[in-house]
């Protein structure tokens, strides 16, 4: 008779395999979070330049020489046009080439890292041309209570974790697909209200209308949690794990909240904007600081993920009904002799 303890030990994976798997997981985590930050630099970052045509061409050449491929320059008529382009989120900043009052326009609310780069770069170009450093004006500044935008940048992780934890908890603690879906939607609303209250009224990281900001966060949490619920419904724990890893290891570091999507490695910034964390960050900046300018695309992405989550849950429900109906038919069929 075999010893059950020995049999149980034989079914466990060897220590070497466990250590190897943990090392690989740790490496993936480091790459996912450190690589985008370590390779962060402007890549076709849209800015505006106003002034005489020759001067604009010279600045464009200087920018290309300083950071090849770093900026996408748009010539505008005057300072007012540059300000309008910034407020519409068409560009991140502008350089006004006024011989009497040269000026750099930034929007730290659109990305503090971008505003800092524009300020430093304009000073460097002025020094090379032996000119006085231009005046710097923050057209759309961050709130006084959070001038570095730290609260908004840090908010990406709780948003992602909220969706993941909600899906995992509901699948383990709540029976019935419809109840899980209702729980996910309810948590999205309450979580959105709570996170927005902390960010806006306690940390002072957000401005604008509280309910609009809360709707962005709620839609984001709902999009993540419903998608993960649907994946778990269809594919079990594997689906939940793959979905959670995608949101955490791709969505969070590629969200661009700590810098800007155009500062991430080529292609990855665009991918991040197609995932809920990146779309949520851009939409939240737009509605909080820019009166909703530039929020249509991110809202569309979040809505698509929310609807996709509902569809996945619906497919999971249909699959569950099919599995219940087929055995019942077999049991009801008469036995012929």
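Each Cβ is built from the backbone N, Cα and C atoms, and glycine gets one as well.
Database features, via TrEMBL:
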TRANSMEM  15-35  transmembrane segment
TRANSMEM  150-170  transmembrane segment
TRANSMEM  182-203  transmembrane segment
TRANSMEM  209-231  transmembrane segment
TRANSMEM  238-258  transmembrane segment
TRANSMEM  296-317  transmembrane segment
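Comparison of 15-35, 209-231, 238-258, 296-317 by number of C-beta pairs under 8 angstroms to the transmembrane segment (150-170) places 209-231 first. Tertiary neighbourhood of the transmembrane segment (296-317): same-chain residues 177-178, 180-181, 216, 219-220, 222-234, 273-276, 278-280, 282-283, 286, selected by CB-CB distance under 8 Å and a gap of 6+ residues from either end. Long-range contacts of the transmembrane segment (15-35) within its own chain (CB-CB distance under 8 A, at least 6 residues past either end) are made by residues 248-250, 252-253, 265.
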